[in-house]
Amino acid sequence: LPYIALILVCWSVLSQAAQTDVEERADKRRPIWIMGHMVNAIAQIDEFVNLGANSIETDVSFDDNANPEYTYHGIPCDCGRSCLKWENFNDFLKGLRSATTPGNAKYQAKLILVVFDLKTGSLYDNQANEAGKKLAKNLLKHYWNNGNNGGRAYIVLSIPDLNHYPLIKGFKDQLTQDGHPELMDKVGHDFSGNDAIGDVGNAYKKAGISGHVWQSDGITNCLLRGLDRVKQAIANRDSAKGFINKVYYWTVDKRATTRDALDAGVDGVMTNYPDVITDVLNESAYKNKFRVASYEDNPWETFKK
């Protein structure tokens, strides 16, 4: 009799797991990345994830020799935020690695993607390639742990200037040179300067990039910005000949703006208040159309309805 009971329990567990798997695969809702904005201190990682973020955006400043130096934004920044929090870049990477490595005491399973907002405006155009190489070296050592059970989050390199597209090649070349070209599978790209979509496409052609493309659009929360360019980016994403895989909008702090962005069809919302976005996603008008993205959602894959 105990054997029969055990068999029944095992069968029940297996059938439940199979049902969950089928339900997840059958879930036709658009996965959404809730992107915590300006997370520049290690302590803020937990703060934003605990508020509902499944991804974060971190500012990266460079020194005169194109070395990534600090996770720092500076003044001015978004209304209602402290602009001055910072860490040494490599220290932040170590903290981030702890937060995104399964088994670590600081592990946050929900944190699946990190956008590095690369402040390359301080660099000359001819330093972009070198900045990419140095960025790759730092990430390989301090985040990816030289390819040995490092952090698992997907990484988006967000570049503000189209002329700095050589940064992408420098980054890729350095990972290849150091014996870890496979880590490019975890890396995506974004040009954040609100340039014309066609010009962004041309920059990717020059960089030799196809795929893994996120397209941002937005402005500081202190100002208003319409959704015209977001809709252009979404049209590109959804067209057969488009080069964009995902679109995100920043900085979204209000429920009404969140609803407008979701109605337009964005994949990500960058915010100072992740709990606001979570609340909207739970509203009856949205919970059947959208869900918070998990690690199983490929951030480089265009969502098909």
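Cβ atoms are placed via backbone N, Cα and C, with glycine included.
Per Swiss-Prot, active site is recorded for His37. Non-local contacts of His37 (active site) by the CB criterion (under 8 A, 6+ apart in sequence, same chain) comprise Glu57, Asp78, Arg81, Trp250, Thr251, Met270, Thr271, Asn272.
Sequence annotations record features per position, and here Swiss-Prot assigns Mg(2+) binding site to Glu57, Asp59, Asp117. Using a 10 Å Cβ-Cβ cutoff, Asp59 (Mg(2+) binding site) registers 23 neighbours.
The Cβ of His73 (active site, nucleophile) has 24 other Cβ atoms within 10 Å, all protein chains considered. Annotation source Swiss-Prot lists active site, nucleophile at His73, citing similarity to another entry.
Sequence annotations record features per position, and here Swiss-Prot assigns disulfide bond to Cys77-Cys83 (among others) based on similarity to another entry. The 10 Å shell around the Cβ of Cys83 (disulfide bond) contains 15 further Cβ atoms across the protein chains shown.
DSSP gives Cys222 (disulfide bond) a coil state; it is part of no helix or strand. Under the heading disulfide bond, Swiss-Prot lists Cys79-Cys222 (among others).
Residues or ranges marked as N-linked glycosylation site in Swiss-Prot (evidence: sequence analysis): Asn282. The DSSP secondary structure for Asn282 (N-linked glycosylation site) is coil.
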| What's the CA-CA gap between Cys79 (disulfide bond) and Asp117 (Mg(2+) binding site) in angstrom, rounded? | 18
| task | Excluding Glu57, Asp59, Asp117, please set out which residues of the same chain place their CB within 8 Å of the center of the CB atoms of the Mg(2+) site, keeping sequence order. | result | His37, Met38, Val39, Asn40, Thr58, Val60, His73, Val115, Phe116, Lys119, Ser158
| remark: Ordered by sequence, the long-range same-chain Cβ contacts of Cys77 (disulfide bond) under 8 Å (at least 6 apart) are Met38, Cys83, Thr220
| query | Asn282 (N-linked glycosylation site): which of the recorded positions Asp59, Asp117, Cys222 is the nearest Cα neighbour? | reply | Cys222
| remark: All chains considered, the count of other Cβ atoms within 10 Å of the Cβ of Asn282 (N-linked glycosylation site) is 11
